[in-house]
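Novice: Structure below; questions to follow.
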Amino acid sequence: ILISFSQLKVTIKNIERELICPACKELFTHPLILPCQHSICHKCVKELLLMLDDSFNDVGSDNSNQSSPRLRLPSPSMDKIDRISRPGWKRNSLTPRTTTFPCPGCEHDVDLGERGINGLFRNFTLETIVERYRQAARAATAIMCDLCKPPPQESTKSCMDCSASYCNECFKIYHPWGTVKAQHEYVGPTTNFRPKILMCPEHETERINMYCELCKRPVCHLCKLGGNHSNHRVTTMSSAYKTLKEKLSKDIDYLIGKESQVKSQISELNLLMKETECNGERAKEDAITHFEKLFEILEERKSSVLKAIDASKKLRLDKFQTQMEEYQGLLENNGLVGYAQEVLKETDQSCFVQTAKQLHLRIQKATESLKSFRPAAQTSFEDYVVNTSKQTELLGELSFFSSVDVPEINEEQSKVYNNALINWHHPEKDKADSYVLEYRKINRDEEMLSWNEIEVCGTSKVISDLESNCNYAFRVRAYKGSICSPCSRELILHTPPAPVFSFLFDEKCGYNNEHLLLNLKRDHVESRAGFNLLLAAERIQVGYYTSLDYIIGDVGITKGKHFWAFRVEPYSYLVKVGVASSDKLQEWLRTPRDTVSPRYEQDSGHDSGSEDTCFDSSQPFTLVTIGMKKFFIPKSPTSSNEPENRVLPMPTSIGVFLDYDKGKVGFYDMDHMKCLYERQVDCSHTMYPAFALMGSGGIQLEEPITAK
């Protein structure tokens, strides 16, 4: 018969797991409530902050302070603990005030505010429950008097005002009748002393009397009037107490009413654990069987290969032995020569001729072999080298049997800019539960570093903190339950040569709203100068020349390396892009333009210092021409200026790299991160991204890659 929770006498020992600090794994001691509502020992907070302090000071060691906050923490010196406990504590004189703390309960960084530890509430309720648990655990263990001379006597009462325990004699001595101390509140022996009134940690003289519904914490009236909670919705403490107590009671009643369901689910979990254990052992046995079969095949092949090598070795050694014996016979008094010497001693002519003829042929053959010495066999066993490269690759990919298809990285939708965005697709009929994206840096000498792994639930991921001007390899594999697919084909991406420079089009400096149309986000500009040309058609008989309309970035560059990218619309007639100094821009944007004559046209070369006419001098601007789906490389005295060498297909996206300190600017094909053109530029003034349009055209700034 099942007994309801209300009929059970729940002992305090049944809730032990709720009374353990997530940092030191021991019972709470003076627990503090973090902003995330998790509790942690007062001492553990100090120790963790001390570890953070040491990690910032110990720059030379990357791994010196990577201990998990869930492990037992070392005991720091008291002077350091006191130092970080003071309000306004700083890590050092060069770092900002400490405001964040890694909660070991939820593993998130929480903001402690400017007061740090002193701004946290002490969890007196939890502390009281822990004390009851300690008393139940030690049962007959007595609490000794704090004021007795050694040996101390067993205490009989504890004073809540003095926060001390007394035996009868000491209590009479320190709380005499007729004094103020005689009015102190006392209880039975305890080690848990809590204040009668909860005071505000930010305003230490003010008592808590309100509850902030936004921050979910008690506050005082000063916090509401002019503190951090002035604009927050608050309620009275009695109202908050009533509401929260009703909610908690209702939730507890609901759980108590679901006792049978909970026990049923516990029984189901026990069965699942046993089933998992059995299935795990069975899977291990199956895996061992498969590997043993592989070992048997390898042993058979090993035996066969070794036998073939031994047979070949024996055959060759036999040939060498026979050849060596033949050559030894050519020595004097040995073998063939010795035999021939004995034949020469024959005096009977008939007998000599009968034997000498065959002997002479043998000696002639031996003589020829001396003239062209050739070993009877080869010493190399190149034909017997076992090629295991394919098998090694297959064994390296050896995994569980999987019907999960290999995901494929979408190269068109994957790109790298300020971050890397990797997209992949997977057949809908075999949707995976999760994916693991792996990436690693490829050094210039093609050395491969270890893979970094990130678990992903969707089919795309943004990777940040990649080094500039480096190659990175990316691959992905799918998981369906515990089954893993092979890795996808690797995708190699090259990061920009410098950090990405963020800016928007400037709608104030030189912006001509009659010719240019700028969107609200200020990242796309379109030229609409054609209509004005039609309006001025009456001047066509005297000649009419359109001019470039300039627009620049709203942020300038005064130092360092920077990179930005954009797309030129395919229909664009003529677009110029690059960089220009502040003084040159003032010259361009303030000089009145005569639309009748080309003499003062900005791009005519007559007064602009065009890049086509100033090869040798470093000029304060560099612009390249793009239009009609072509990229035009400016003329250069050091390279061929033939049109076929200067005109390239327009890249989908174009990047600009400015090294301000070295005075160098480069233009890149973003699809392949390849430099198309590079030259020196005078960076003595502030440099701005510069753009110019003529006729119909449009420019879209590349949007930075963000996590969303």
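Each residue, glycine too, has its Cβ placed from N, Cα and C.
Model, not experiment: these values are computed from the prediction.
Annotated domain 'RING-type' per TrEMBL: 21-72, in sequence order. The domain 'B box-type' annotation in TrEMBL covers 195-237. As annotated by TrEMBL, domain 'COS' applies to 344-401. The annotation domain 'Fibronectin type-III' is assigned in TrEMBL to 406-498. The domain 'B30.2/SPRY' annotation in TrEMBL covers 483-708.
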Novice: Would you kindly list the residues that approach the domain 'B box-type' (195-237) from elsewhere in its chain, counting only those six or more residues past its ends and only Cβ-Cβ distances under 8 Å?
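Specialist: Sequence-remote neighbours of the domain 'B box-type' (195-237) are 33, 35, 37, 113, 115, 118-121, 124, 160, 185, 243.
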Novice: How many of the residues that make up the domain 'B box-type' (195-237) does DSSP mark as helix, as strand and as coil?
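Specialist: In the domain 'B box-type' (195-237), the DSSP-based counts are 7 helix, 11 strand, 25 coil.
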Novice: Helix, strand, coil residue numbers for the domain 'Fibronectin type-III' (406-498) per DSSP?
Specialist: 3 helix, 45 strand, 45 coil
Novice: Across the domain 'COS' (344-401), what does the mean pLDDT come to, as a whole number?
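Specialist: Overall, the domain 'COS' (344-401) comes to a mean pLDDT of 80.
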Novice: Reported in the order helix, strand, coil, what are the DSSP residue counts of the domain 'COS' (344-401)?
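Specialist: Summed over the domain 'COS' (344-401), the classes give 34 helix, 0 strand, 24 coil.
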